[in-house]
Structure formats: C-alpha cells, structure tokens
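Over in TrEMBL, the protein carries these features:
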- B:25-49: transmembrane segment (TRANSMEM)
- B:69-94: transmembrane segment (TRANSMEM)
- B:70-280: domain 'ABC transmembrane type-1' (DOMAIN)
- B:106-127: transmembrane segment (TRANSMEM)
- B:157-176: transmembrane segment (TRANSMEM)
- B:213-239: transmembrane segment (TRANSMEM)
- B:259-279: transmembrane segment (TRANSMEM)
- B:310-338: transmembrane segment (TRANSMEM)
- B:358-388: transmembrane segment (TRANSMEM)
- B:363-554: domain 'ABC transmembrane type-1' (DOMAIN)
- B:400-423: transmembrane segment (TRANSMEM)
- B:429-449: transmembrane segment (TRANSMEM)
- B:489-512: transmembrane segment (TRANSMEM)
- B:532-557: transmembrane segment (TRANSMEM)
Amino acid sequence: MKLTRLPPRARAATAIVGAAVALLVAACGSAPAAPANAAETTPEWAQVLSDASREGSAVVYTSFRQNQQDALLDAFHAKYPAIDVQMSRVVAGVAGKIQAEKQTGAAGADVVVTTEAQLPDQLAPAGDLMTIEGPHAEQWKGSPHFDGKSFPATFNVWGLTWNTDQVKQAVTTYRDLLRPDLVGRIGLLDVATGPAVADFYQFLEQTQGPDYLAALARQQPRFYPSAVPLQQAAVAGEVAAIGMVVPDVREDERSGAPVGFALPDPAWAAPQVAFGVTWAKHPNAARVLLDFMMSPEGQNALALNGVSALPGTSGLVPIDKVRISPVAPSTPDAIKQFDARWGELFRK
Amino acid sequence: MTAVDTAPPAPVAIRERRRPRSATLGLVVLVALLGYLVLVPLIQLLVAVAEGGAAAAGNAVAGRGLGSAIVTTVVLTLGSLAIAMVLGVGMAALSVRLPRGWRWTAVLPILPVVAPAVASVTGWAFLFSPRSGYANALLRMVPFVGGDSGPVDVYTAPWIVVITGITLSSFVYVFVRTGMLNLDRGLLEAAQVAGLSPGRAFLRIQLPLLRPVLVYAAGISLLLGLGQFTVPLLLGTASGVEVLATRIYRFTADTPADYAAAALVGSPLLVLGIALVLLQRLALGDQTRFVAHSGKGAWRTSRPVRWAPVPLLVFALVAVVLPLAALVVVALSPFYSARIQPSMFTLANFTRLFRTPFVLDAVMTSLMASIAGALLALVLGYLAATVIHERRWPRTARMLDVLVNLPLGVPAVVYGAGFLYAYSRPPVVLYGTDAVIVVVYLTLMLPYATRSLLGARIALGDDYLAASRVAGAGPLRTHLQIVVPLMRAAIGGAVALMFVLLTHEFTASLLVRSGTTQVMGTKLFDLWSNGSYPQVAAMALVMTGITAAGVVVAMAASGGSNPLERL
C-alpha cells in the first residue's frame, strides 16, 4: 500500500491512528510526549514520505544484532509498509565498502550503522554525510549525541557469559575471569578488531585496576575475530567464559543453550552510530528510516541490548548505570599506543 | 567430386580473398578480448606496485607476521603436497584394482573436489573444534584419550595442512588414475613374466612410466597449495595462522585497500604460477616419449584386490560424509554444541536463512553468473580452441594457448585482487554489479573451456571439416552445422563442469564482491564471520545441494562419465 495513492481523508485517518498508536507506545514505554505530529504532516515531510514510497526500499549496512534488526524492521514496516528495508550485517571494513561505492557509483548502502564511532568524523569533511532531518530528528536537536549528521542509534552493553556445562560456578564479575579453573578456557577479542575493543580493555584497566590486563593475559585466553563468533564459541562450549558479550545471548539461553548471562556493575556500552550517505540511491527512504530510528518506537526497538540516548526511552539498563565508550582517549595515536601495550601483554 | 571439379571458380576466388581478411580481423578481436580479460587485471596490479613504490614495499613487509606467513605458506604447501601425493597415488592404484561390483567406488575420491570447499571446511570445524566438535567428543571416549579438549584442534596449522592435503589428494587422484588407465598392459605382463611381484612392478615399472603424470599432478597441487586460501582463512584466523593468500586478502579488505602491497605479497605466487604454465606448455611437446598408449587398458584387467574398496570408502566417509553429517546436525539444531539433541531439531534455521536479506539474491547471483560465465567461456574457449587446433597462425596459436591457461596457473586470490583493482576504476567500472562476477567467472573458466573443447576437437579430426568445405560450406556453416553438433557431448560436459566449479567459487568472488553483490560462498563466509553457526550450516547445505544438482547435470551431459576426468 503506497501512501501516495491514499485519498486525503484516508491519509488524515492514517495520521490520526498513527498518532494514537504513537501516544500509546509512548505511554507504555514511559517515553516522553508523542513526537511532533504536526511536523509529521508538514508538506515537506509528506513529500519525503511520498518520494520514499516511490523509492520503495533502503539498504542498511549495520552492526545491529539480529534481535535488534528484527525488532526495528517489525516496527518500521508496521508504520511504513511501502518501504522495504534490507539490512546486511557488515562489521569489519564498512568504511572501505562505502568508499568503493562512492567512487564507482555502485549500488550499496543508503544508511550505515557502525561501531566505528569515529567514522562519521572521518567522512564529514568530504561532505559524505546526509543531513538528518525529520519530525523526530527535531526532538534530538540540542542533544550532545546529535550533530545533525549522525547519532548513536543505541548503545550495546557488554556483559559476561559462561557455559553452564563447562563451569559449575557462575561468572558474574570481571574478577571471576581470573579464576584458576578458567585458565585456557576464556575467549577474548583481539584489540585489532576495532577501536571500540581497545576502549573496552582500557575500561577494564580503569575499573579493575592497572594489573588486571596482565592477570587476564596469564589466563591464556583464546582469541576470536569478532564478537558474534566469540559468543557462539561460548554457547558451543568451545570456551567456558567470556567477558565481551552482548545481552542477545539470552535468546540462546531461552532456546535451551547451556549459558548464563550477567551484567556487571558498572558495565561498558558501545555506541552504534547511524548516518546516511550523500550518494544514497534511496535518499528519501534513508531519511525516513533514520528519522524512525530516532523516534521513541525506533529507540525502544533498538535498546533491547543496552541503552538509548533518547531520554525517557526504556532500555535494558538506564544510561547512568553504564560507562559509555569512549572511556579513554580515542585519537589514532592514543589507540596505536594502547595497541602496542596490549600486544606486549597478550601477544607473547 | 564432379560437382566440385566443375564449380565456377569465381566465387571460390572471392571467398578465398575475403576469408583471410575477415578471419584476421576476427582473430585480432579474439586476441584483444582474451588479452584484456586475462592480462589487464595482472597488469593493473603491476601498475599499482609501480605507483605505490617504496611505500607499498614498506607496507608489504611492515607489521607482524610476513616472515611467519611465508614459512606457514611453505610448510602448508609442502605438507599438503606430501599428504595429497601419498593419498592420491595410493587411492588411484587401488581404484584400478577394484573387484567387480565395487567399481563405482572409484568416483568417491573425487567427491571432495565436487563439494564446495567453503561448505566442507565449516563441516570440518563442527567435527573437530577442540571442545565442541562432534568427532572430538567421540574420540575422547576412546580409552587413553580422555580430557575435556581435543585430541584434534582443527584451528591449528598441522590440521589445516591435513585438511588441505585431503582436498588436494582428489586432484592427484584424478590425474594419476587417468594416467594408470592409459598405461600399456603389455608392460605389466612383461614385468610379471620377468618375475616381479605386483608391488615391485608398481614401483619399478608403473611409477616411472607415470612420471609425467606425477610431475604434472604434483605441480598442480603445489600451485593449489601455494594459493590455498579457503582453509587458512576459515580455520586459521582464530589461532593466528596466516599464509600469503590470506595476507593478500587482508590488504585488499583494509581501508583504504592497499593493492600495491597485496600485489607485492602475491608476486612470488604470480611468478611461480606463470612459470608453471610455461613449463607445462614446453613439456607437452615432449611428453609422448613417456606415455605408452596401446589401446588396451592395463589396470582394468589387472587382478582385483578384494580390500581395495575399503580405503576409498573410508576416505569418502572422513572427507565427505562426516563433514556433511555435521552440517546437517548443526543446521537442524537451535544452537551448536557438542551435545546432539534430536528432540530439539528444527527447520527454523532454513526459514530464517531465506528471510535474511541478500541470501536469496546471493543464490540467484551465483546461479545466473555461473550459467552466464560458463556460456561465455564456452564461446571464447571454442574460438580459442579452434585457433590453437588449426594452427593457421602458429605464433598466435602458441600465444593464445599460454594466454587462456594463465588463469589456471595464477592463484585465484592474486587474480581476485587484480579483478577488484581493474574493475573498480575506468575504463571498465563494474564494481558492485552482477557483471563483475560474470566477467571474473568467464576469465577463470577460460582454461577449462579451451582444454575441454581442444581435446574434443583433436579427437574429431579434420576429415569432416574438409568434406564440408569441399561440399562448398563456408567456415561459419561448417562450424555451426558440422563441428558443433559433433562436439555436443564435450560442449555439454564442459558447460556443466564449469557450472559446478563456478557455483562453489569462493576466493575470487570474495575479493570482488560488494556489500550488496554477493554469491553463495561469500554470503556463507559473512555468516561464518558474523552470524550464528546453525545458519552457517544451513547455508552450507543449500550451497552443497545446488552444487550436487549441478554435478548430476554434469554427469548426464557428459554421458555418465565423470566430467573431471575429461580434463
């Protein structure tokens, strides 16, 4: 059903029903007042919606976990059935992919969601970032998290997971990872995986003491190339415990996998930064999607694994209970220095 | 004859004047096209090196592990070559002594080549992950093994060598078995009359006669081992095992991609590949002095060995059946663990897989690009085979022969880097389109198409052509109405074989794919890197199923004989 084909009366009815649903969702989720519905019906936004429907789809390269993708798509398609959002999980090398698409004009991402929080700053000088405008984007203006070009779609927290077949005693704190029964049986991410991982190791140093990383290295950890294989290794029992897991591991637990999950206090959370690219093949669909991700409905869907930047949006944990990345200097030189120090500990 | 003798001379004279000109023009177009497809990606890499200069050289040797990658590559190559030669030659010797009723088992050692490597490697991982692998769990029940881990760790260098060796042994098997089937029975009989035992006859008579075949098989295995990419990439990353091929890939996947460094790291592989192709061309002219064809197969009538099927069955069980079974179990499970729980089996992973964006697109792209690539390679391969066979332009024919064989010698990862670099910039920008996959597949299949058709063309002889020309048919009509119909079995077999090879092509596809243009193998790799294991297994089974369907078509198209043996 394309919105452009609706008669004016039906469009008005849709707007009223939409507003009622939004109010209900906002009330249930303790979200702030409903979005600026007046703005949603401005001629400019109506034109964007009309053009987005005509474009029909948007392609997203995303670091979202599967449960976040599912929740966002369900909510988005319920509101905008004429726009098909296709999400492709791209974690490593997303910058290279979109640069290649820019240079060759190839079809590719309209919207990017990434854990590489510095990427928007790297792309902005070349004018690669789409200006994010829309009724819900208006509400983010003035937020320290929104500069008009990118925003943290959500903050995924990292917790601890242990395989209940492999260890009898739960692993609920980072200190537990140093237990003698876990020598050679914990899994970690290599610091080369990305700047966010380097930041997490520095968070451990800050919260667990300066000797913690050396003690962790003595546990003879096994390294994995990215977070999902690491999590799968814990579910499979390939490693007994890991301290870098997103809470969607509880879905494996619910399906019968022998795993437990604990959220330490404080926990560390990494932003999943969203932006649109100026060479998008579906620019209007991208705008509608980005604006929806900023809405209370979008934020409720995305905060399944952590924290929302939108005040009042319910997430797994309140934002004041986590340490938001970066917790340490994140300049290239600072990261390089830490990489070298980490290497001396873990790459012996 | 009378009709020909009394034919008016004028039209013939006109045809004779026109034909060379149009044929020459056609030849120029063909050579230019093949040259562009085969050489431009490699030349572009050399240009990248020249542009990169000292900085590229610095990047190529900077960072950790170049020395270690070189050593690992050499160890992997020699280790897997040794395993492949022992297994391949041993199984080939047994395959020609199979008892009646068990001769079908001769096809079993070829199965690892037919199964998509990227799928079977994931199967190996599910079997031999140190703690959660199904086979490891069983092995730990054996007395004196025990423990809570191992005994096999599939992610370590020694087991990567073993798995690569098993995969390569299929290639050795195909070449050596074909060579053995062509040996002269008379020589074997003479050896027996002279009092040699079967074992001594094998070592003293057959093996020396098979020397060209063994050298060729070892050369191909050496090259495949040097360029080995799939097994180290999937299994070696977790334990830091890196080879030159995976290092090349990482340079192209970096942001920004460093093609010059990739090319420099790949240069030893490139040089060795080209050298092997040239050596092979040189050796071909001289190989008849070794081969003792007499038309009477020696080994088909040799005394059967009753236990000969057992090693072949065990090989198929270990190399194909068990990895596939592991994939089935994981694909049906809600999560992967060492405990198999049939009560929890579900098809949800397949449902979810096909709901995942781009998975169906990847399957369709694989099928379309494989069909298009095979058909286009067939056309160019036919023309190249014709030029090489007819030798009207001997120098051009020799050059074409080397040209079309280059993609077989140069490792796919080096070619992949060249394709990515060449087709991401003018004059031909194809990045992010299905067309780049088709062009890459077409180029990679040129050797297979040309070799298949050249062999069939030689077997056909020139009598039919002469008769057709004498009867007044032009070259085009002769080819379309005489040569092509007579070669239809070879053409069908070649297309089907190329389709099978292309549906599980992984290495070059991984380098040239974009975020939205994917094939089955690259999507499987993405799931392996970022998805759940049950979905990895489901995707691997889908890929295997499609390839298996291609194999059935290949068998039918080639008249029931194994299509690999045609090469």
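Just so it is clear, glycine is given a Cβ too, placed from its N, Cα and C backbone atoms.
It is B:358-388 that, among the stretches B:69-94, B:310-338, B:358-388, B:489-512, forms the most Cβ pairs under 8 Å with the transmembrane segment (B:429-449).
When the stretches B:25-49, B:69-94, B:213-239, B:358-388, B:400-423 are ranked by Cβ pairs under 8 Å to the transmembrane segment (B:259-279), first place goes to B:400-423. If you look at the transmembrane segment (B:69-94) against the transmembrane segment (B:358-388), you find fewer than three C-beta pairs under 8 angstroms, all six or more positions apart, and that falls short of contact. Spatially, the transmembrane segment (B:532-557) is adjacent to the transmembrane segment (B:106-127); three or more Cβ-Cβ distances between them are under 8 Å for residues at least 6 apart in sequence. Distant neighbours of the transmembrane segment (B:400-423): 30-31, 34-35, 38-42, 44-45, 48, 223, 226-227, 229, 245, 248-249, 251-252, 257, 259, 262-263, 266, 269-270, 273-274, 276-278, 280-281, 381, 384, 387-388, 429-431, 436, 439-440, 443-448, 450-451, 505, 507-512; these residues of the same chain sit at least 6 beyond its ends, with a Cβ under 8 Å from one of its Cβ atoms.
Ranked by Cβ pairs under 8 Å to the transmembrane segment (B:358-388), the stretches B:25-49, B:213-239, B:310-338, B:489-512 are led by B:489-512.
For the transmembrane segment (B:310-338), same-chain residues at least 6 beyond its ends with a Cβ under 8 Å from one of its own Cβ atoms are 87, 90-91, 94-95, 98, 105-106, 108-109, 111-112, 115, 119-120, 122-124, 126-127, 131-137, 166-167, 344-350, 532-534, 536-538, 540-541, 544. Contact counts against the transmembrane segment (B:157-176), taken as Cβ pairs under 8 Å, peak for B:213-239 among the stretches B:25-49, B:106-127, B:213-239, B:489-512. Outside the transmembrane segment (B:25-49) by six or more residues, the chain places 56, 259-260, 262-264, 266-267, 270, 380, 383-384, 387, 393, 396, 399-400, 403-404, 406-407, 410, 414-415, 417-419, 421-423, 439, 442-443, 446 with a CB less than 8 A from a CB of the stretch. Proximity of distant same-chain residues to the transmembrane segment (B:106-127), defined by a Cβ-Cβ separation under 8 Å and at least 6 residues beyond the stretch ends, is recorded for 88, 91-92, 95-96, 98, 133-136, 154-155, 163, 166-167, 169-171, 173-174, 177, 230-231, 234-235, 312-313, 315-316, 319-320, 322-324, 326-327, 329-330, 336, 500, 503-504, 506, 520-521, 524-525, 528, 533, 536-537, 540-541, 543-544, 547-548, 551, 562, 564.
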